[in-house]
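Engineer: Right, I'll just put the structure down here and ask away after.
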Protein chains: 2
Amino acid sequence: MTIAEANEFRTLCDTAGIAVTHQRQVVFEALRHMHGHPSPEEVYARVRIRIPSISLATVYKTIHLFIESGVFREVSLHHGSLRVETNARPHHHLVCTGCKSISDIDAEALEIGARARKLPGGFLAQRYAVDVLGLCAECQKSLS
Amino acid sequence: MTIAEANEFRTLCDTAGIAVTHQRQVVFEALRHMHGHPSPEEVYARVRIRIPSISLATVYKTIHLFIESGVFREVSLHHGSLRVETNARPHHHLVCTGCKSISDIDAEALEIGARARKLPGGFLAQRYAVDVLGLCAECQKSLS
DNA sequence: CTAGGTGCAAAGTATTTGCAACGCT
DNA sequence: AGCGTTGCAAATACTTTGCACCTAG
């Protein structure tokens, strides 16, 4: 880890009010240098090279801590389990970052427009699914 | 189930080349009449009122069958497990419906524009996350 | 020193699978 | 009749938790 990264990490921890531990530094650096959307197992595999004694539980705890602190995001804020769309109309989702609730909004009401000309790697676009992330009315109240 | 629904379901099964069973009809009807984004457990609870002997495994199999056949969609096509965003730049996702791979596309490159005026229920929008659903180059080849 | 962090093992939840019996076509 | 479908129970995958020990501040 570079000096700059170490300092940045120290500052992040100060802001979040959490301890700077060796495990957290190594997980932080691993994530910083990984590409794509790694799973906890993949992070664990990488971190174990530098800390063979680290446990998967610590990796999970650390990742959640980073997500709560806003240091990293998770790829999908949706339910972790399988959910079925019962709404047959074209629609998008309002996802509350507070209570994790998901409600539907008609595609027309969102008035979304995407004008991608070329998508990387010859990707063929068929449909757009938009999550509007924010706070539902209830969670806005709770925070005020 | 109305006669119209029963006929519609029969046609769907014919098209998909699958058998019309009592369990599938009841799961189909349950989903048709449920709101929001039910989990397999919730569907199971509802279906059990009419078929007490049905198993949760059958509900899972039936839901997957419906999703593969395009009869219903799932809410999120993302990985079922926790994934971390390592890309700090504002970006959206290209999600391949064939191989389920997810790649990033810079927010600017997608040129997305949302102009929602009023969001239902006083929802406070903070950020938009767009999934472009389609086929990656590899999966386009496989299908040709 | 002590509050918070870690590692371990066990528990919890979500989902899938193997297989014998059963029912659609 | 034959093959796909079902129900059950066991297996697997993923994630969380309780607790004794350890460590940063």
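Placed from the backbone N, Cα and C atoms, the Cβ positions cover glycine too.
In case it's useful when we look at the structure, here is the feature table from TrEMBL:
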- B:C96, B:C99, B:C136, B:C139: Zn(2+) binding site (BINDING)
- B:E111: Fe cation binding site (BINDING)
Engineer: C-alpha of B:C139 (Zn(2+) binding site) to C-alpha of B:E111 (Fe cation binding site): distance in Å?
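Structural biologist: Between the alpha carbons of B:C139 (Zn(2+) binding site) and B:E111 (Fe cation binding site) there are 25 Å.
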Engineer: Taking 8 Å from the centroid of the Cβ atoms of B:C96, B:C99, B:C136, B:C139 as the cut-off, which other residues in that chain fall inside it around the Zn(2+) site?
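Structural biologist: Surrounding the site, in chain order, are B:T97, B:G98, B:K100, B:S101, B:L135, B:A137, B:E138, B:Q140.
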Engineer: Given the binding-site residues B:C96, B:C99, B:C139, which one has the fewest other C-beta atoms within 10 angstroms of its C-beta?
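Structural biologist: Among the binding-site residues B:C96, B:C99, B:C139, the sparsest Cβ neighbourhood within 10 Å belongs to B:C99.
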Engineer: Using the structure shown, find which entry in B:E111, B:C136 (the binding-site residues) has the sparsest Cβ neighbourhood within 10 Å.
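Structural biologist: Looking at the binding-site residues B:E111, B:C136, the Cβ with the fewest others within 10 Å is that of B:E111.
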Engineer: Would you mind reading off the Cα separation of B:C99 (Zn(2+) binding site) from B:E111 (Fe cation binding site), to the nearest angstrom?
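Structural biologist: The Cα atom of B:C99 (Zn(2+) binding site) is 25 Å away from the Cα atom of B:E111 (Fe cation binding site).
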Engineer: Between the Cα atoms of B:C136 (Zn(2+) binding site) and the residue listed as 'Fe cation binding site', find the distance and write it as a whole number of Å.
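Structural biologist: B:C136 (Zn(2+) binding site) to the residue listed as 'Fe cation binding site', Cα-Cα distance: 20 Å.
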Engineer: How would DSSP class B:C96 (Zn(2+) binding site) in three states?
Structural biologist: strand
